[in-house]
Amino acid sequence: MIINSCRAALLDENALLALLESGHVAGAALDVLEKEPAPLLGHPNVVCTPHLGASTKEAQENVALQIAEQMSDYLMRDAISNAVNFPLDHRGGSAEAEALHRPRRPPRLLRRAADRQQYQESVDHLRGRSRRAQDQGADGFYDRRAAAPTARRR
């Protein structure tokens, strides 16, 4: 049985059809096809469903919020949820309990992340200083109105 729910065409559909016809693969479940209509659609051992993941603006916003919450959980509490290729151990039934039963992030990784953060802050600082220099008027004073289109608030 082959199940493919990816966006990209990771599956050779012609090869899958040949494997289904020869009996080497018993069945397939797909929600993404490289070319539509595909010859696989009419095969009796293939189930095709529509790929609806994040197909609306609301779904995309909810996915973005979920990712932000999961990243926050990881960075603040070292908790991992919904991992695809990471073994989770929910002995206590909570993210906190799961975090206690797996190795901590290596210190070297944290140092590298901190170095990158410091570098990015330096670059951002220099960019801001450079932008302010461009926005100074003839009198040498910073003109806030000139910078307004580039200023953002979070």
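Each Cβ is built from the backbone N, Cα and C atoms, and glycine gets one as well.
Unlike curated records, TrEMBL annotations are generated automatically.
The compositional bias 'Basic and acidic residues' annotation in TrEMBL covers 92-101. Sequence annotations record features per position, and here TrEMBL assigns compositional bias 'Basic residues' to 102-111. Per TrEMBL, domain 'D-isomer specific 2-hydroxyacid dehydrogenase NAD-binding' is recorded for 1-53. Taken from TrEMBL, the feature region 'Disordered' covers 92-154.
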Exercise. Would you report the average pLDDT that the model assigns to the domain 'D-isomer specific 2-hydroxyacid dehydrogenase NAD-binding' (1-53)?
Key: 79
Self-check item: Structural state census, the domain 'D-isomer specific 2-hydroxyacid dehydrogenase NAD-binding' (1-53) (DSSP three-state)
Solution: 14 helix, 9 strand, 30 coil
